[in-house]
Each structure stands twice: as C-alpha cells, then as structure tokens.
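Colleague: There's a structure below that I have some questions on.
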Amino acid sequence: MKKLLLLLGLVALSECLYKVPLVKKKSLRQNLIENGLLKDFLAKHNVNPASKYFPTEAATELADQPLVNYMDMEYFGTIGIGTPPQEFTVIFDTGSSNLWVPSVYCSSPACSNHNRFNPQKSSTFQSTSQTLSIAYGTGSMTGVLGYDTVQVAGIADTNQIFGLSQTEPGSFLYYSPFDGILGLAYPNIASSGATPVFDNMWNQGLVSQDLFSVYLSSNDQSGSVVIFGGIDSSYYTGNLNWVPLSSEGYWQITVDSITMNGQAIACSGSCQAIVDTGTSLLSGPNNAIANIQKSIGASQNANGQMVVSCSSIQSLPDIVFTINGIQYPLPASAYILQNQQDCTSGFQGMDIPTPSGELWILGDVFIRQYFAVFDRGNNRVGLAPVA
C-alpha cells in the first residue's frame, strides 16, 4: 500500500503543471499614442531592439534590459513577492535573466503609478549592499538587490534574488502597463551573478521537469499562459520539433533560411535567431527587414510604424522560416497586426554589431503561431503549431 501511495505521489508530481495566466493589455506604444506622447518619445529615444542583446554598459550592470525595447509588449502575468506576497504585473521575458520591480524607495512619477515593493512589509526580505543600474535611452534606472520569496503560479520560490528600483527617470514609464520584468534566460547573462527565478525553482526541486513552455493566444484578451515544469499538449497540434541551441545564454538557435514565394529573402546560408517572449515583433537586420517591408507594400506612418492596406492581407504570401529542416510558415494574418486604427507590419529592423553577423529575434509575432518549449535540461527549444 505504501509503495502504491508513493507511486501515485510521483505520478502526481510528474503531471503537475504550474500555469501563469497572461493577460493581453494595451502596449506602452499604444498608451503613448493615446496620450499624444509618442512623437516626443521617439525624438528622445533610439528604439533599437539590438541594444537588448548587445548592451553598451558595463557587463556588471543590469544593462541587458533597455526598457524602450518593451514598448510594444502586450502580454503580462502576475507574481507575488514577500511574506505576505505583494502583487506585481511583469513581463515573462526569455530574452533576459533578472527579476526586478519598483520599490517604495522610488518616488518618481513612473514608480508612484505602479505597484512598489515595500521590504518592511515582508517578514522574509533580506537586504544586500549590491546595487544595479538598468540602462534605457537617455537615462538609467538604479536600485538595489535583495532576497525574498517569490510566488509564481502557486510555486513558493524562496531566497530569490531580485532588483528593487530606486529611481526611474523618464516620464514614458508612467504609461507602461507593467511593473517589472521576470527574466527566463540563462544565468550566465544575469547581472551581478544573480540566480534567475526558474533556476532557483529547479535547484529547490519545485518543478518536476527542467523546462517551461509558452502559449500566446492570438485573439483573446485571455488564454495565454506560461507553464513551469512541463508541457500541455492541448495547446499545440502535431508533434514538437526539437531545435538544439547554438549558444547558451539567450535561447539562440540556427535558422536555415527565410523565404517568400519559394525565394530566399534573407538568411541565405543560415543565420542565428533568439526566441524571445520579451520582444513583441519579429526583428532582423535593417537591410533584410527593409526588403520584406517593400515586398509586402509597407510604408511608414506618422507614429513611426510600418503599415499596410488592411485589404491586402488576404493576398500577401507566407513568409517561411526553415529551422532544423522543418518549415515554419508565417501567414500574413500573423505578421500583419490589425488594430482599431490600421494594419501594421510585425517586422522591425535593428542595428547589429558587425562581428555578430545576421541575427533575428523571433518574438511574439512568431510565438503566437508556434507553441514554444524552453528545455533547460537538454539545451533546446521545442516548436509546434498552436492548436
């Protein structure tokens, strides 16, 4: 009888999936547009997605998270920090590795408009003397590091290091729909040697598998989810195709080719790509993206966005990413984003340091089409068409 109970317990653990619901909200860009601030923002800040992966600040600082690159994010989840837990809305970001939230020590307008962590109201908080700096645009966010219990989908992640911001210059953050960032990349790109949240979960035996997975819903305000410690096959069709990482740090893989109408439009002879839930669009080298924008008839509007005629979506071709020998087509309905105002291209150019070659960022535009599994135990990414 005892053996049976033990077996049942092990089965229950193996099937336990910890799910964080993600809510779709207006992006920071949309909020800036509605408040008439986008033009001023773009004049003051160079929005270059590559700065997230090639920071110019010292490696010891938390400079791998320039905040301007989150301005198009729409998917957010809730976590709790402290005892009792204080609630925060965060971006679950596979393109960075640190956790940070605003603190009560920050009195700038951007902080006062968001949830702020109060260490004095947590019985489990431990302070440190370590500082952090988060670079973005023309200024930086500064703060300190501390330890506390982080609640994620019912998991109590104890003794978790995280950042508490003390200054947040820049009025644009006032309009951001999120409080902070929860990074899900590898520990070797974390600032100050901090252990990322998922690594801490695994090290403490809080999840049964050394992986997590992401489903992003295309249409609904709800339905999107991050799953810790397992895979839910109801979110995808067919089989998962596994892609080995070409580099461990970011979730970086090799793309064989990118084609349209059977012709190569970029990435001839293979290229590198990062699968990043913390990037909303699909980013690539400026020249390649310019060719794609021209091919789909996109032109720039007053808000700096590339727009196409909504009536042309049905006639636009698929753009096909071939990865590890498998084709992943993106239909126009995926790479053209329809909102109340217009139809915008889901592609974005970026400046990349020359030694890095051709790099692409497979953001939410791609992940909405393909359920993604981030397998730390085997250093690979699994992809399958969403159900």
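Glycine residues also receive a Cβ, built from the backbone N, Cα and C atoms like all the rest.
Feature list, courtesy of Swiss-Prot:
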{"type": "ACT_SITE", "residues": "D93", "note": "active site"}
{"type": "ACT_SITE", "residues": "D276", "note": "active site"}
{"type": "DISULFID", "residues": "C106-C111", "note": "disulfide bond"}
{"type": "DISULFID", "residues": "C267-C271", "note": "disulfide bond"}
{"type": "DISULFID", "residues": "C310-C343", "note": "disulfide bond"}
{"type": "DOMAIN", "residues": "75-384", "note": "domain 'Peptidase A1'"}
{"type": "MOD_RES", "residues": "S129", "note": "phosphoserine"}
{"type": "SIGNAL", "residues": "1-16", "note": "signal peptide"}
Colleague: Can you name the residues of this chain that are 6 or more positions from C111 (disulfide bond) yet have a C-beta less than 8 Å from its C-beta?
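Modeller: Set apart from C111 (disulfide bond) by at least 6 residues yet with Cβ under 8 Å, we have P102, S103, S165, E168.
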Colleague: At 10 angstroms around each C-beta, which of the disulfide-bonded residues C106, C267, C271, C310, C343 has the fewest other C-beta atoms nearby?
Modeller: C310
Colleague: What is the interatomic distance between the Cα atoms of C343 (disulfide bond) and C106 (disulfide bond), given in whole Å?
Modeller: 38
Colleague: Among the active-site residues listed here, D93, D276, whose Cβ has the fewest other Cβ atoms inside 10 Å?
Modeller: D93
Colleague: Take the Cβ of the residue listed as 'phosphoserine' and count every other Cβ within 10 Å, whichever protein chain it belongs to.
Modeller: 6
Colleague: Using DSSP and three states only, what is C106 (disulfide bond)?
Modeller: coil
Colleague: Please identify, among the recorded positions D93, C267, C310, the one with the smallest Cα-Cα distance to D276 (active site).
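Modeller: Comparing Cα positions, the closest of these recorded positions turns out to be D93.
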Colleague: How many whole Å apart are the CA atoms of C106 (disulfide bond) and D93 (active site)?
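Modeller: Each residue's Cα considered, C106 (disulfide bond) and D93 (active site) end up 23 Å apart.
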Colleague: Given C310 (disulfide bond) and C271 (disulfide bond), what distance in Å do their CA atoms have, once rounded to a whole number?
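Modeller: One finds 31 Å between the Cα atoms of these residues.
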Colleague: Take the C-alpha atoms of C267 (disulfide bond) and S129 (phosphoserine) and report the distance between them in angstrom, rounded.
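Modeller: If we compare the Cα positions of C267 (disulfide bond) and S129 (phosphoserine), the gap is 46 Å.
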